[in-house]
Amino acid sequence: MHAQNVDIAPGSTSTVSIIVGIDPGLESTGYGVIEAGGGSLRCLTYGVIVTQSNQPSAARLRHIFDTLQQVISIYQPQYCAVETIYFAKNVTSALCVAQARGVVLLAMAQQHISVAEYAPNAIKKAITGIAQAEKRQVQHLVKILLNLKDIPHPDHAADALAVAVTHVHCCMSSNYAVGSTRSRGAYVTLYKKGKR
């Protein structure tokens, strides 16, 4: 794993939920694990899974899968939140992201982890209240919400933390009273134990 901050052991109380956020990509897949409970959020770890462009696609996807399995094994998340693929002009790039997304969904399905997918604008709205917010605004608020010393880097890791926080705001705020509930109506596709 390529963690970008100090890892923290997850809490042990039954009222705590652990969410892993994922920003999928073949070259770099961002991940961020947060803990929600008692009206607060806590960052457990974040980082990026980097693959080598000179390796076959199958080997790169296997590396993403294996690293995600390690993250799951260590932090035992109950929920996963994934940023959806946006329509890009570059078809090749979109296909690469789709491949990485498939590996993410498989890794979660194998461990019976519920998965939710959020559109980029829904993530921005959940964090800032503005669907067209700038990336820097989102990152700054993620830093504040998770009580981090600095804005998370690289961007893929920050995006992964943002989608994890979005899941709390959209689907868990009534239980954990964390942040605003303004985004409950945002677009989200839920997958419960492999069933859509």
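Keep in mind that glycine also has a Cβ here, set from the backbone N, Cα and C atoms.
Annotated features in Swiss-Prot:
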{"type": "ACT_SITE", "residues": "ASP23", "note": "active site"}
{"type": "ACT_SITE", "residues": "GLU83", "note": "active site"}
{"type": "ACT_SITE", "residues": "HIS156", "note": "active site"}
{"type": "BINDING", "residues": "ASP23, HIS156", "note": "Mg(2+) 1 binding site"}
{"type": "BINDING", "residues": "GLU83", "note": "Mg(2+) 2 binding site"}
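Swiss-Prot feature annotations superimposed on the structure.
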| residue | record | Cβ within 10 Å |
| --- | --- | --- |
| ASP23 | active site | 27 |
| GLU83 | active site | 25 |
| HIS156 | active site | 24 |
Could you say whether, by DSSP, ASP23 (active site) belongs to a helix, a strand or a coil region?
strand
Specify the secondary structure state of GLU83 (active site) as given by DSSP, simplified to three classes.
strand
ASP23 (active site) and GLU83 (active site), Cα-Cα, nearest whole angstrom:
6
Integer Å distance between the CA atoms belonging to ASP23 (active site) and HIS156 (active site):
6
